[in-house]
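To start, the structure itself, in structure tokens.
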Amino acid sequence: MSAQTSFDRSAPFLTPSRATIEDRFSQWRPAVASASITLEPNGEIADAGWALARLNDGSSSSEIQSFAYPETSTRVRLYLIDTAVKYTSGWFEKNPKLAFKGTTRTYSKPTASKSFIHGTRMLGVIAGPETGAAQGTPIDVVNYDVYPGVEPTNTTAGQICSAISKAYIHYLTTTPRLPSVICIAAGSTTPETDYIMEDYINTVVQEGITVVVSAGNQSADASAYIPASYGKQAGVICVGATGKNNQRLPMSNYGSAVDLYAPGEDVRTLRYSSPKSGFYDLMDGTSPAAALTTAAALIKLSQNPALTPVQLEQALVADAYTSVAPAALVQVAPPVPELDTDGDGAADVLENFFGSNSSDATSKPAAPTISLANGQASLSFKVAATSFKSESPYSVAGGGTWKVQVSNDLIAWQDVSAPLIQGATADGKTTLSVSVPVGPEANFLRVEVKGPEAE
């Protein structure tokens, strides 16, 4: 979708691979609850289409259709600046990790959204059931509708600036402040400059929000168009489109402003007219390429929530498949199965940390215990004394990290910030415990362990 440029400035810009052991607790459960040792599944789609398959392996042929996405646990936020999203069909609810937080219009008239197709298809490519690259990542979606007309329609630079400012304020004032990505798949149809938009984008990037923009579909130098030209700025990722032959799609813009390329030909998304399993619409151009790159950014950010926009861009470029022309092709690494030497269902990294024998199928990590008292739930567990380092308690001796996390839905997990209490060491194992407040809802606790290869 293209956008014409105007200088409407009606809205001011305000500045102001893992293994787990988990247990459930609530104020109504007995003092000691049962526990299960689990491995998080990683999603696999046998018939995902060539575009998603190419994200797993940039060298694969167009006949390869399978795609595996990683299951991540840290919730992230997507600010989708586009048309409105049609969320009423119930289709997106088939992805339980996707939480739609509503649509905000950047215009006062008309008083209701009129355009839905492009934004809905974009969300389908980013994280929709069956067609989304990031459907294994917990995502809050905040949608800003910048298209007041009926499709096909255009927007203005002023509307996009208004949306960026709203996203910025939302990011600063909403708790919790989630790692966030702005996606803008729109651009001027003629060469333009806009210093106000450039300043807005610079501000949100400096605040910690990564911005992904489409390169545009003029088959020209992206440096002449907005917002594509801002891809030259660190932390702003400008995305061009490639075809099934891994070459630049003829319509795609190119040049020094383009940071990455992604599939942009016959990219599957939901069937907009009547979403149904196994039926798809196809998208072409730099819009679906930007959507796929946004998905990759959200996945990476969920895996590494401390990444700054500059670091996130660098990580995506480092992971990209480079044997393509004219620039690197964005990749989503397929999940690597965790080593389970004895085949007992508990990964070696988990067994080694908790002090069981990873070569003996009869030896498994002991279940944690939960005790409830004075409005607190206390999780207690034993770890191998050789794995625990009191001077750096959440680092694993020999490499890797671990953490205690809490969730009320087994989808989005938050790190527990309560103090870790070290108990006695006996028989080569150290007892650790941590307490969290008990709320009105049932909750789940888990210990997440990452080996050094996952860092």
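Glycine too: its Cβ is placed from the backbone N, Cα and C atoms.
All TrEMBL annotations are machine predictions without curation.
The domain 'Peptidase S8/S53' feature in TrEMBL is assigned to 81-326. Regional average pLDDT for the domain 'Peptidase S8/S53' (81-326) in the model is 96.
Taken residue by residue with DSSP, Asp82 (active site, charge relay system) is part of a strand. Positions annotated as active site, charge relay system by TrEMBL: Asp82 (among others).
Per TrEMBL, the feature active site, charge relay system maps to His118 (among others). Taken residue by residue with DSSP, His118 (active site, charge relay system) is part of a helix.
Per TrEMBL, the feature active site, charge relay system maps to Ser287 (among others). DSSP gives Ser287 (active site, charge relay system) a helix state.
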Asp82, His118, Ser287 as active-site residues, winner by CB count within 10 A = Asp82
Between His118 (active site, charge relay system) and Asp82 (active site, charge relay system), find the distance joining the two CA atoms and give it rounded to the nearest Å.
-> 7
